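Report on one structure; see the data block that follows.
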């Protein structure tokens, strides 16, 4: 039996490179199928999210795509939705639905457990589009144990900026 093996690079999307205080930056773009009466996607086999050509990712969700309850501590997340729906729940007792231009700023501080799921609210043939980006920002040492918090900035109150050539937008 040979102990040799081949390692070859594959083109898998990865988070964007960041510099302090940014820990992580990612852009999600998915075209989900129409949801059923429970706002769920068709069941896919485990591991199918590793196909870089797939139209959509379930992430850690089973039938509803997204990120079920998980802990954070010592940093903040800013989630900027461009299109689609996000259901948020957390250990502070906050729960709600946002999307389509809304922005959520969550301070994990001394610890929070939260989930972000992407319910498939549309049952139309064109399906459900989800586009958002998220930044993780490191808190300074003196702020790492602050009380956790989350703040919503609703779309109608978010300032927008467009370039004259329409090639870029900043929210």
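Placed from the backbone N, Cα and C atoms, the Cβ positions cover glycine too.
Remember, it's a predicted structure, so these values are computed and weren't measured experimentally.
Per TrEMBL, the feature Fe cation binding site maps to 70, 72, 114, 116. Secondary structure at residue 114 (Fe cation binding site), as computed by DSSP, is strand. Counting only same-chain residues at least 6 apart in sequence, those with a Cβ under 8 Å from the Cβ of residue 114 (Fe cation binding site) are 69, 70, 72, 88, 89, 90, 91, 106, 150.
Per TrEMBL, the feature domain 'Pirin N-terminal' maps to 56-137.
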Chain-mates of 70, 72, 114, 116 with C-beta within 8 Å of site centroid, Fe cation: 67, 69, 71, 77, 90, 106, 112, 113, 115
Protein Cβ atoms within 10 Å of residue 116 (Fe cation binding site), excluding its own: 25
Neighbour count (Cβ, 10 Å) for residue 70 (Fe cation binding site): 11
